[in-house]
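Participant: Below is a structure I'd like to ask you about.
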Amino acid sequence: MFPMVTGFMNYGQQTVRAARYIGQSFMITLSHANRLPVTIQYPYEKSITSERFRGRIHFEFDKCIACEVCVRVCPIDLPVVHWRLETDIRKKRLLNYSIDFGICIFCGNCVEYCPTNCLSMTEEYELSAYNRHELNYNQIALGRLPMSVIEDYTIRTTRNSTQIKIAMDKPLNARTVTNF
């Protein structure tokens, strides 16, 4: 009879422990019920990228001295630099510069080690293309600055925080940007 009593006590302790775990899980669920949704509707909503976001590389042709430091520090030797030595002034003259973003791993080494700061990272991340050869950007394509998400007049920017609630009952006629 004594083992039966200890069996009931163990059963009771396990029941109390299970109820406590269920209660803790329910409290976590309730704490998340008040938050805004994390998912964004991509074509109409865009997240504002951080200041240190590593997007497409911007290249300034006039600043480049064709030193090829970017090629040497790139883990995959990606930037293609064509130059010619000007014998009368004993300097290199840049002829062509290109980066294939289909291969680029966006490590940022080329931007970090460039001595003249002719390379910089932009906030552009929409680089998809139907043909992989379209991802090979020359110096003209690299020189274009992308339109900032904040400056885009077709997108309405909103901040995602617990203090500011997005009104779900208002119809959205513009695209929305969410800041994380």
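Glycine is no exception: its Cβ is also placed from the backbone N, Cα and C atoms.
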Participant: Which of Cys74, Cys118 does Swiss-Prot put in the same [4Fe-4S] cluster 2 site as Cys104, Cys107, Cys110?
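Facilitator: When Swiss-Prot describes the [4Fe-4S] cluster 2 site, the candidate it includes is Cys74.
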Participant: Would you count the other C-beta atoms found within 10 angstroms of the C-beta of Cys70 ([4Fe-4S] cluster 1 binding site) for me?
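Facilitator: There are 25 of them.
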Participant: Restricting attention to the domain '4Fe-4S ferredoxin-type 2' (95-124), give the mean pLDDT.
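Facilitator: Computed over the domain '4Fe-4S ferredoxin-type 2' (95-124), the mean pLDDT is 94 on the 0 to 100 scale.
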Participant: Other residues with Cβ within 8 Å of the Cβ centroid of Cys64, Cys67, Cys70, Cys114 at the [4Fe-4S] cluster 1 site?
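Facilitator: Apart from Cys64, Cys67, Cys70, Cys114, the close residues are Ile65, Ala66, Glu68, Val69, Val81, Cys110, Pro115, Thr116, Cys118, Leu119.
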